[in-house]
Structure formats: structure tokens, C-alpha cells
Amino acid sequence: MIDHILTLLIFFPALAAMLGFVVTKDSMRAYGIAVAFIEFVLSLWLWYAYDPMISGMQFMESMPLIPAFGINYLLGVDGISLFIIILSTFFTLIGIASLTETRRLKDLIITLLFLEMTMVGVFAALDAIVFYVFWELSLVPMLYIIGAWGGPLRIYASIKFFLYTFTGSLVMLVGMLFMAYFYYQATGQWSFSILEWYRLILPENFQLWLFAAFFLGFAIKVPMFPFHTWLPYAHGQAPTIGSVILAAILLKMGTYAFVRFSLPLFPDASVFFMFPIAIIAIIMIIYTAMVAYAQEDIKQVVAYSSVSHMGVIILGTFALNVEGVSGSVFLMLAHGVVSGALFLLVGVIYDRRHTKMMSEFGGLASVMPRYATIFGIMMMASVGLPLTINFVGEFLCLLGFYKQSHMLTLTAGVAIIVGAIYMLSAYKKMFFGAVTNEKNKNLKDLNRTEYLGLIPLVIVAIWLGVYPKPVLEPINNSVESVIQLMHDKAQSPEAKARIPDLSGKNEIIPMQEAH
Amino acid sequence: MFEAIAFYLFAALTIVMFTITVMTSQALYAITAMAAGMIFISAFFFILGADFLGAIQIIVYTGAVMALYAFGMMFFDTTRDVVEKRTNPQIVFVLGILAAVMVVAIFVAPIVSNNIQALYPIQEGVGNSQAVGMVLFTKYLVPFELAAVMLLVAMIGGIILAGKKMDKSLTLMAEEEITTMDDSFEPQAGGH
Amino acid sequence: MELYLYIALFAPLVGSLYASLFGGSPKSQHVGIVASGLLFTSFVSSALLLSYVMGGHTVHVELMTWMETGDLYIPFGFVVDQVSVVMMMVVTIVSTVVHIYSIGYMDHDKGFNRFFSWLSAFVFSMMVLVMSDNFAGLFIGWEGVGLCSWGLIGFWYQKESATWAANEAFIMNRIADLGMLIGIFLIYWNTGSLQYDVVFSEIGNLPLVVTTWIGIFLFIGAMGKSAQFPLHTWLADAMEGPTPVSALIHAATMVTAGVYLVVRANPIYDLIPNVGIFIASLGAFVALFAASMALVNRDMKRIIAYSTLSQLGYMFVAAGLGAYWVALFHLMAHAFFKALLFLGAGNVMHAMHDELDPFKMGGLRKVMKGTFIMMTLASVALAGIYPFAGFFSKDLILEVGFVEHHYVIYTVLLLTAGLTAFYSFRLVALIFHGEERYKLFGIHPHEAYKFMLVAMSPLLLLAIIAGSFKMTYYQLVTSLLPDTQYHVHGEMTYWIMTIGTQLFVIAAIVFAYKKYSNWNSVPDGSSKLENSFGYKLLSNQYYIPKFYEEVFSKPYLELSRIAWKQFDLKIVDATVDSIANAIYKTGENTRDIQNGNLSTMLRWMVIGLVVLVSLALAFTVGYNAVGA
Amino acid sequence: MEITLTHYLVLSTILFAIGLIGVMRRKNLLMLFFATEILLNATNIAFAAISYYIGDLSGQMFAFFIIAIAASEVAIGLGLLIVWYKRTGKIDLDQMNSMRG
């Protein structure tokens, strides 16, 4: 069974979702939690069985789909994808467990389980076409979640979300086809396997074009400035569960794909585009932090803060050294946990007051002290306080990029200032001051269901902040092999210089022999 | 010399006839002019040594097609003119001529650059009909048979379409109409 | 000894967690007692460690790995050496006192348990800060104390001013933290490690320019925490927090973290004397600058806060001039008497029902004898009168300035010493002497609980006798810090200087007493002095907060609004939408092609034919042209 | 005066243009059919001429098949036309707009 655990992880939720149609409405919630829990346990088993010392792919499965074009059902995990898969199953569990939605609960849970399938599929796929299929499929459940359970502008928001990301992905698909074609030209065989692609050294000008094609698809998903405007709408209109999954997992697809595709496939192009992308990332960080500061709606603050943090992740990714890339992968997890928790927290107050405007609140700390405490912890994690999960990632990202550029890192570091500004001012508006609004006087503090969702997140946020090693170590090993691969493949002297050579450092098992 | 005179004469006649066909508002004039034009065209075929084609042209077009049109027209009220609102006739002319020039340019291109080769050269000492027959029943046998089947299909199609009970079109009817039609028409259909 | 180290470190954390368990429930006396007890345990462990360290040993432990990736390796490592043990002693003594004091001070507060939770958490962070054996660990504590400071300044979160001040403090500190972070990055990429011992042994091999930048960035971090100009405004506003907090965090411990950093990083600063001069100059400037603002202020706590700021300036002068042990010594002495001063002020505040204007007090010595004595003695110590603690430490700094030939700095510090004496005794005179002006406001002051006074007494004792530890202390820390003795050349000069300073200070005290001890009215802002330019300038803190407000805060908010409403919605998003709209409109417009009219369709067909054929022609011609 | 291929092609062009104009101009469906016949004949001339001038029978073959197609087209087309006329009583092109998009 362990040999096919990835297939199991992908299709178990889908199968369970199909069966979900025959489950009665009343027991649907319990059913959903049970399925998500089993899935989560399976993913933990994956972690348990995973050998952190091996940097390459593990639990690989392969089955030909269209042999003539080298399209295979190819799965595998390494340290980079392992934890994002666990994060996906974890958040699906948390999301379903803390679900407060009452409208068409059954449909919602079925949609969520399908979404879980696509998420795990994206992170486990090692074949570009399989990856692409899951990547696109993930849009559909999200479209339903926003479009069916969202706010008043839900149709606009969901269509914008769908078309925007879809457009980007199409360009990416063209890039993938070209990549496969180049592979065919070079070797005389068709292949869509990423691992096979890794072995291909492309001329630099090809790399630049392909990088750009992939970049568009990923950048919209991340979303990078100036492609970010779908996100506030999507978050603003999505129900709590939609925002949580969107922020925690779906955005990570973009940054994950950067690490999985762009870096190892196009090392020279990565170096070439390093500074332009870093500048975009810095604009993202500072600009969206400012926009977040100006928001009146607490959910929008969190939404824009997501964009800002994604900027740091991008920066870390394009540091192109082990510290930076490990940091960015770690920050993906960290941001998933923290922003997911923040969206859950916003959902809590929205359930009670049916508004998200900060001006409606004030003084909540005295009415809902426990809520305020957990919100405070998560806010501080988001701000990047040491010993919380975010700090580890942010520190490593900035540290890594500092190797490449002093000035840009200094500018990007403003993140820790502007991040504090919008978060603290939002917190002040919501929780501090006297209770002025009559409607807030008798709000109930957190209930059992909400604790169920939030407490694990708090624990994870602090645990991985204090002791990130169990996660950081496998990530580090896999990232090292990616960096080494990039160094070996790099052609231009600048790229050789920018990407560190680790071969002399320690024994690593290369992911694939280059050349 | 004779060839040139014949060419210009028939060219002028054909053009005039077809122009009448296109421009006149009287259906009767149009059909008559066209029939004449078709016969004049067959003259070109004779000039070009395609005797068989010329004969076919006269038989098929003037004999069959035109007769078909003539019969067809009997169904319609030819005296009543179709009101022809013309919008921007200039565009029509410009477009028509432009397209024609282009098509010809395409045709001419390979000849001008002289890189076309004769696949089935005309054999000396063999009559045109014989030559045509030889090519038609060797190289073009399959297309020829297909053309035959096509004609058969067309014939059957024409008969069925023009036949009775075809004044109802299922595609153009709403669903309820179809269901009600089944009830009312089936006994009658059985009676035939 | 490792056990004691862990006890000293984690006892406050346990206290904090224990208190937070009851965070939401109403006041429980046991929370305060347990937290104080645990801190006392921490103090005892620290004392044991001190005696151990005095024997010439150090304790160095590595608890576990924190971050490890690539070449980066950061453990949770702790070191108890001569420097950190001094800081540990200071922190645990003051915080134990403050904890016990707070049991009384926060007696009637709803957030009693929450208060202890935050306070103990602060002590834990501070312990991490001082005990850590690497820069990353220092940064953990650094941010941790910032967080606790935020929580404690904004402790009374219903008050708008308190939460505002809390956010201001946090954000200002963050600005400095960025500098610190960059300093850490520089250290890592140049030395390959963040461990103190590795860094300090490597630092000599680096190019001077790198070392200079490291020094500058680390000092920017120190400037924020220690509230040096221009990041000083938060400290005065931080007085919104409960008074014990001011005593512990904003006088004795956290604000001195910057000084500790410079002292700790002395191998770096030793290499870059130019930066040192800058630090010293800035310190001297801040000393005078802060003292001048304290002269006219009418808020008791703010006056003490400015005095803290001023004393931090002294410490930076010493540290900048390379006299690290002197800086640390003043840090220690200052912690005792300033905490005492604050706690005394807390008593007064309680007595006066949170009235802070000393002009509305007067004559309180009759009802608050204990507090009166303590505050007077603390002020004497602050002024630097022999044989109190302040004399030994402050005088030493003056000597350092003099010996190092920085006469401008020396003069500034000397002047500041006079000002310090003046405003301290202005405060004492206004509060405790003269007419009982509080009667006008119908307040009936009372002395604080006995045990609070008892709790304060160790600080009083230390404020008096700390100076006598000088030689022991000196021998202790100079095994780690540069051992430089500062002796004024010629005994004559030395005595003239010392006695002259003493006389100058005493004169300032006498002047303050004369002017204020018989004060009999509450100023209403109409007197000539109050309308003079100088007075307004000083009482408005040189208009710097206003300047920040107008130049940074408001434009930032405005710019953010513009970025959102004008740029994000109207340009970025509108561009996206307009692309979508353009496609939609094209669809609407070209819909006429499909109007079902065969004639039109035919026409379009011909157009299409023309276009296609001409394209084919063009390509053929083009291809032939190229081919030819 | 030699008659060359160009002459025939020019003639073919003229006839084709006439046919196209007819296609675009006519609203009467029957007339439209006439115009298509003209188009087909125009190409036939071109085919026959090319066949003659390069001495290849393929052109004639094509013309032959075109005639066959034209015949079928007329048969089917007229049949449809009659059906349409029976249903609507009109053979006006502008009235046929059930394909409106």
C-alpha cells in the first residue's frame, strides 16, 4: 500500500466525494470530517515513511497514459512537496471541522473533497501534463465555492478568478508543449516527465522565452504584482472556507511551481530574471502592505497581507541559494498556516456580526478575550515575530537574498516594518479601545467548533517556530539537490557564480544526473 | 486568326449573357440568358480541343440543369419580384472583382513560374473522347464512381425533398409541434 | 550549573504560562505570588551562577537546534559569562522587585492575571536576549521584549492613547530591527556563522568597510531599542503603560538592551573607532537633548522617562568610547535607582488617583514618608552625589570622556549632569514639598501598601551601595571586556574635576529646591515663561512627534489610500477589467456578422476569401523573394 | 494574333467576378443558384484552358467532375428551395435568418 500511497492520497478524497452523494444530509458533516481525517492520517503516514536523508523523489509511481507522446501518470514526492501535501490535507481537515456554513452543506463538503484531490494531485505530479490537469481542475471546485457560497458580488469575483488564472495557465501550457517539443528535438523522444526535462540543457534564449511563458502562469496564481487584483475580490466574496483554502494552499501552487519548474529547468533564465523579479517582489511587499493599511475591511487586510507575504516567498525563491529557497518553501507552509488561521478568525467574527468592516468593531478584546488572544498570536506570527513559524521562513528568505543584493534586501526588509504597521493598526481598530457599538456588547467568545479549528493552528505556528528542524531538514536536503542541479546546468558564467556549487560540501544524492 | 475571332466573339457573348443573368430582375430573362451563356461556354471547350467536355457541357447544363431550373421555376411565382434591397453595391463590385483577380493570380502563379508538369500528357493520334475515357477509367476511376454515387444520391435527395409531406421540417419546429404532428399525421401517412 | 542556567531562564516562562492559564479569569492573588516566586527562583539561580562565574568559569550550553539549512546553523545556545551574568542579576533583581510591587500596584485592576503573564514573559524574553550565545538568539529576545513591551504599554487597551503608544513603540522598534537584521545578514555572509565566539574570532579578518557596516547596522538596532535620537519618541509615549512596566521595561532592562548589544559586540566596535565616536557623540547629544525636555515637562512619568533617555545617552558615550565595562556599570547602577524612582512615582500616582502633573501635588512628604525618602535618595543617586551609586558610574563616564580627549562630549555631559540634578529635584520638590495643592482637586492621598515599600527596599539599598561593588565588578567583567583603566593625569586634576562636578550638581539641586519647594499655584499656561519660545519648544519635545506625525504617519496613510483607491482599483484592476470589457465589446459588436442573413454572410465569406488569398499571395511572394 | 492562356484566364476572371457579384447582390435564392453556376463555369473554362496549354488532361477531368457536382447541387438545391417555398411562400434571402446569432 505504501508504494501507491500517492495515488491513494489523490483519489481517496475524490472517491469519498462520489460516495458522499449518497450520504444523508445530517451525517454529511461527520462523514466529511472522517474522510478528511483519514486523508490527513494517510499524509502523516507518508511523512513517517519518508526518508529525510534522501534528497530525490520518493514513492514514485508511473503508468503510461499516452505513450506516443511520453505522457505518463508519474507521481512522486520530495522534501519540497511533501509538506505542502500535508498542509493541504491538514487544512482540508481543519476547514471541514470548523465549517459553520449551513447552506447546502453536503454540496460544499463534496466540493471540498474534490478540491483536496486536485491539490494533492498538483503537488504530487511529476509529469507536466498531469500537473497541468490537476492545476486547472483545482479551479473548478474553487469556482463553485466562491460562486455558490460567496458574498453579493460572487459571480463577478468567481469569474474573474477563473478567467484570470485560466488565461495564465494557458500560456503556461504552451510553454510546456514547447518544452516537450524541444526535448523531442534534442533526444528524438517525447517526454513530459519533469525529471527527464531536468536533464535537458537549453540554449539561453530558449530558456528566456520558456521562462517567461511559465512565469505568466505562475505569477498570476501567486499572485504577483500587477496580476494580483483577482485575489482581493476572490477573498472578499469567498466564504470563510474558500478563503482559507485559497490562501493556505492554492496560492502556494504558484510558488511551488517556481521551485519545481522554473528554477531547475531554466537556471540561466532564472539568474537573468532574478533582479527584475526581485523588484516586482519588493513592489509586491511594500505596495500591497500599503494597500492593506488603507483597507476598511478586515478580510481585505488579510488578503492583501497574503500578497505581501507571497512577495517575500518569491524573493526567497529567487535568492537561488539553499538558505533562500529552503526559506521560501518553509515560508509557504508558514504563510499557509498563518493566513489560513487569520481567515478562519475573520470568519469567526463574520459569523457573529455578518460584517467585516473594522469600523463596526472596536474593543473586542474585552468582549472576546480568548478570540483576541488567538488573533493576537496569529497576527504576531504574521508580522514575523521570532519563535513563530513565519519568522523562520522570512528570516531565511531575506538572509538568502542578501547574498545576491544588499540594497534590494534592505528594501525588501521594509516588509517587517510595513507588515507591523497594517497588522497592528487593524488589530487596534478591531480589538482595542472601548466597546462603542451596542451590537458588540454581547458577543460570544469562541465556541468548541472554532477552538477545534484554531488551536491546532496555534500549536503548529508556535511548534514550527521553535523547532522547525523536522520540516526544515527534508526541505533543505531536497533544495540542496535542486541548487546543485541548477549549478551544474548553468551555462553563463554569471549564473555559475550566482548559484552556489554544493558538490564539495557534503554527500548528497543527486535528483537526476545532469547531462 | 480564326481562333482569335472565335474567342473574342464568344467571350463577348458569354460576358453579356452572364451579366444579364446577374443584373436582370426578370427570372425568365435570367434563365434564358444563362442557358445561352452555357452554350457559348461549350464553344470554348471545342476551341480548346476538349470535345468531350463541350458535349457534356451542352448536354448537362443546357439539357439537364436548365430544364431542372425551368421546372423548378414553375413552382414559384416568378411574376412576383423579390424585393432586392441593395446596400453598398460598390462594395459588392469591388469585392467580386478583387476576389476574382486573386483567384486567377493563384492559378497563374505556377504557370508563370513554369514549374508545373504534365501528369497525363495528351497522346498524339488519339481522339479527345478516347483520351478522356482512358484517363477517366484508369487514374480517375474511383472519383468517377464516387461522382456517380453522388449523382444518384442527389437524384434521390431531390425527389424526396420535392416530394409531398416534406412541407414540415422537424428541425424548424418546436418540440410540442412535433409531438402533436405525430398524432395527427401518422394515420394519413399510413393511408398512402 | 547548567541546571541553574535553565532554571534562571525558564522559571519566568513557567510563571508567564501559569499566569496566562488564568488570563481570562478575574484577579487571583496566587497568580501574582507564583509568578513572583518563580522570578525569585530565577534570581537565586542567577546569584548562584554569579558566584560560579566569579570563580572564573563560564557556562555554555546548547539546548537544541533552531534553524539549520545550507551553511546556516543556529542553535538555541546560552552562555553565562561575566557580561551576561551581570545583566542576569540586574534583570532578575529588578524584575523580582517589580513583580512583588505589582501585586500591590495592580491590586484593583481587572487584568491582574494578564499583567503577570505579560510581565513574566517579558522577563523570559529579556533573559533570552542577554543569555543567548548567538546573534539570532539575541534577536529572538530582542523581538520578544518588543512584543511584551507592546502588550504592556497597551495594557489598558481601552485607552486610545495607550494602544497608540504601544503600536508606535512596536513599529519604531521594528524600523531599528530591520537595521539589526541586516547587520545579522552581513555577519552571516561574511563570517559564516552567528555564534558570538566564531564571529568575534573571524571579525578581525574582514575588510574594514564590512566591519564598519556591521557596526552601523547593529547600532541602528540598538538605537531603536534604546530609544536614541531619532527613534526616541516612543519612550516618552510608552509611559502610558502601568508604572511597574515603566520601571522594569522602560527604565531598567529593555531600553538598556541596545547598550548591552554594543557591549556584547565590543570586538566589532573595537575595530571601528570611527563608528564608536559617532555612537558617543550621539549619546552625548541625546543626553543633553533628553535632559532639556525633562526640564519643563509637567508629566511626572515623562520626566523620569526623559531622564532615562538621558542616562542611556551616558551609557552610549561610554560604550562608544570603548569603555564597555563603564557602560555596563552605569547600566547596572542606573537600573537600580531608576526603577526605584519609577516605583516611587507609581506610589505617588496611586496616592493621587493617577494624577501625573507634579504641579497638582505638593507637600506629599507628610502623608507618604516612605516614598518620599526613597524617591529623594533615588534622585540623589541619579544626580550622582557621593557615595551613591550614580556617583561611581556617572563620574566614571565623565572621566572617560575627559581622558579620551573628547572635551566637547565631556562638557556636554557635565552640563547634562547639572540639568539632571535640576529636573530630578524639581520633581521631588514639587511632589513632596511646598503647599498641598492637591487639596484643590479634592484628592486624599495615602501611602502605598507596606509590602510594596518593603519590596522596593532592595533597590534602595542597591542604589545606595552599588558603587562599592565597583572593584569586584571591574575584576569580573574585564576578563571578557577590554580592560582599560581611566585615570586622569595628575591627582590634582582628578580632585578638581570630581569636586567641581559635585559642587556643580549640588548647586543645581539647591537651585531646584529654592525655585520649586515653595511653589503654591498650579500653572495655567499664562505666565511669561510658559509662553516663551524656548519653553514651548521644550514642552513640545522640539516638535519632533508632530513632525513625525505630519511627515511620516499622515502622508503614509494618505499614500496608502491613494495606492489602494487610485492605483490599485483605478489603474491595475481597471486595466484588467478593460481587457475583459474590450473582448466583451468586440463580441457585442461583431455579433452582427451572425445576423442570420445569408446575403451578409456571403459577403463576409468573400471578404474572408480575399483576405486569405491575399495572405497566401503575400507569403508566396515573400517566400520567393527570400528564396531568390 | 495568338490567343494565349492569359486570354482565357482573363476571361475566366471576368466571368468569376460576374458570378461573385451575382452571389453577393442577389436576394432571390433562385438567382443565387444561377450565380453559382456562373462561378463554376468560369473555373471550368480556366481548367480546360490550362489543360490545353500545358497538354495535360487533368484539367479536363476536374472540369468534368465540376460539372457532375454542379448537377447534383442543382438537384439538391432546388429540392430544398421547393421545400422552403412550400413552408414560407418566399424565396427571399433576407427572410431566412433563423441562424441569427
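Residue 1 is the first one shown; counting continues down the chain.
Cβ coordinates are placed from backbone N, Cα and C, and glycine is handled just like the others.
Caution: TrEMBL annotation is automatic and unverified by curators.
Copied over from TrEMBL:
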| type | residues | note |
| --- | --- | --- |
| TRANSMEM | A:6-23 | transmembrane segment |
| TRANSMEM | A:30-50 | transmembrane segment |
| TRANSMEM | A:70-96 | transmembrane segment |
| TRANSMEM | A:108-126 | transmembrane segment |
| DOMAIN | A:126-415 | domain 'NADH:quinone oxidoreductase/Mrp antiporter transmembrane' |
| TRANSMEM | A:161-186 | transmembrane segment |
| TRANSMEM | A:206-227 | transmembrane segment |
| TRANSMEM | A:239-259 | transmembrane segment |
| TRANSMEM | A:301-322 | transmembrane segment |
| TRANSMEM | A:328-350 | transmembrane segment |
| TRANSMEM | A:371-401 | transmembrane segment |
| TRANSMEM | A:407-427 | transmembrane segment |
| TRANSMEM | A:448-467 | transmembrane segment |
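With respect to Cβ pairs under 8 Å, the transmembrane segment (A:328-350) is most closely packed against A:70-96, considering the stretches A:70-96, A:108-126, A:206-227. Three or more CB pairs closer than 8 A are found between the transmembrane segment (A:407-427) and the transmembrane segment (A:301-322), so contact between the two stretches is assigned (pairs 6 or more residues apart). Distant neighbours of the transmembrane segment (A:301-322): 222-225, 228, 231-232, 235-236, 243, 247, 251, 254-255, 258-259, 263, 270-271, 273-274, 277-278, 280-286, 288-289, 291-292, 295, 328, 331-332, 335, 339, 342-343, 346, 358, 382, 390, 393-394, 396-398, 400-401, 403-404, 412, 415, 418-419, 422-423, 426, 476, 479-480, 483, 486, 498-500, 502; these residues of the same chain sit at least 6 beyond its ends, with a Cβ under 8 Å from one of its Cβ atoms.
Put simply, of A:6-23, A:70-96, A:448-467, the stretch with the most CB pairs closer than 8 A to the transmembrane segment (A:30-50) is A:70-96. Here the transmembrane segment (A:239-259) does not touch the transmembrane segment (A:6-23). Their Cβ atoms form fewer than 3 pairs under 8 Å, with each pair 6 or more residues apart. Sequence-distant contacts of the transmembrane segment (A:70-96), counting only residues of its own chain at least 6 positions beyond either end whose CB sits under 8 Å from a CB of the stretch, comprise 6-7, 9-10, 13, 29, 32-33, 36-37, 39-40, 42-44, 46-47, 50, 52, 55-64, 109, 112-113, 115-116, 119-120, 123-127, 129-130, 180, 189-196, 241, 244-245, 248-249, 252, 256, 259-260, 329, 332-333, 336-337, 340, 344, 453, 456-457, 460, 471, 473-479, 482, 511.
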